[in-house]
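Comments concern the structure below.
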Amino acid sequence: MAIPGRQYGLILPKKTQPLHRVLQKPSVFGSDSDDDETSVSESLQREAAKKQAMKQTKLEIQKALAEDSTVYEYDSVYDEMQKKKEENNPKLLPGKDRKPKYIHNLLKAVEIRKKEQEKRMEKKIQREREMENGEFDDKEAFVTSAYKKKLEERAEEEEREKRAAALEAHLDVTKQKDLSGFYRHLLNQAVGEEAAPKSSFREARTVIKEEKLRGYPDETNSESRPPQQSCVLQRGAQEAEENPDADREFDDESSEDGEKRDHKVKSRGEDTGASMKHPKHHKNRAHSRSSSEERGLGTKHHSRGSQSRGHEHQDRQSRDQESCHKDRSHREEKSSHRHREASHKDHYWKKHEQEDKLKGREQEERQDREGKREKYSSREQERDRQRNDHDRYSEKEKKRKEKEEHTKARRERCEDSGKHREREKPEGHGQSSERHRDRRESSPRSRPKDDLDQERSSKARNTEKDKGEQGKPSHSETSLATKHRLAEERPEKGSEQERPPEAVSKFAKRSNEETVMSARDRYLARQMARINAKTYIEKEDD
């Protein structure tokens, strides 16, 4: 059971119902004058309340103004607030104050291109004048003031570019032997004596810093320098020769000492050669002036400064001596190391050259040997060919002569045997033999037997001839004998040829002069006839 007086959940206030005014019913016997009196009194009360409220507000305004006179300056306060907002937020600034991001770089690039184009045109005009070869030298050349100004500006720009190139060469770390100048500039930038270089290359080209020489108050003139500092001077001169950037420092001009620096620049312009040759002497003069100015400040400050300067001077002398000894030892080590490297390199290159020479000689010798071998082999091959050809030719000649002699001897024997048979055999017997031969030739069975008989007879004759040749005299004697026989037989043949020739058939019996020879003898005879008819010699295959 919940307690009746308490509520749970979201409690919302109830809307108060407007009170309905209870209208009095007008009485029949009432009069209108009573209503007029009530309305007048109410209006008077309202006016009195208004006047009282006005007086109250005036009093409050006076009190507030007495406390703070700027209480009711709303517009000025609002304007100040808006200005602060605009200052804090740069995006809300008007467009006139905003600067473009990229157009100034583009304009610089356009100017550079214009100047380059002008230089090109000048070179082109110069070439055209050279091509003319002085045709128009007698005529006047008009030069305007604007062109003169342009030439002056161009000369100034060329000087600036030369300075920028020299500055870049001095600041280039790759061209320096050590990093002393780089670390000195880095230290000056960290301390604040030198402004850090800008990243933009074009800004670095246009904005070129002037080179300033900084002096130290503890240094004295070069004439009054003690003999102990000669080592320091030598080291400084060597560093200036080796590293031109080591003794150069760049400082930004300040508003306080602007006049002094202008005076120094003028004096430097008068004595440029002396300052370039002896930069430390120039430093000493500048620092002697500064020390003379400082002397007039006070005796106490002077005494303290002189004591501190003396200590610093001694420390610096000791440091300079130590650094001089270190530099000497370092240079000696460097020179010895370089000498060793150079000797090592020379030895290495000499070794390589000797090896290359040896290799080249070996290659030449090999090539000569190979060439000689090739020549010798080619010559030997030619000689062998000539010998083989000569041997073959001689062998062929021998074979041919032997065959000729063999055939001649065979013919002679055949002729002798034929004559002897003609004498012995009668004519009848010759006719029967001829018939018998014709029958043999006509019958096909008897042909192979006849061939076999002929071959056997030819073989037997050959063997007899070989035996007879062994027992016979030499070829020259046989040739003479054969010549005599042929001479004797010629008249007999001539008498036989005088007789009228008879029609001889194809298969007729041959005469005794045309003796039958074997197939092999006929073949050899044909071959010999062909060989004798040829004017050249055939090469036989191996």
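Every residue, even glycine, has its Cβ placed from backbone N, Cα and C.
Keep in mind that this is a model prediction, so the values were computed, not measured.
For the residues Ser27, Ser200, Ser505, Swiss-Prot attaches the annotation phosphoserine to Ser27, which does not rule out the feature elsewhere. Between Lys124, Lys277, Lys345, Lys351, the residue that has N6-acetyllysine written against it in Swiss-Prot is Lys277.
In Swiss-Prot, the entry for phosphoserine among Ser254, Ser318, Ser474 corresponds to Ser254.
Taken as a whole, the coiled coil (372-413) shows an average pLDDT of 81 in this prediction. For the region 'Necessary for alternative splicing activity' (105-169), DSSP puts the residue distribution at 53 helix, 0 strand, 12 coil. Secondary structure of the compositional bias 'Basic and acidic residues' (309-335) per DSSP, as helix, strand and coil residue counts: 27 helix, 0 strand, 0 coil.
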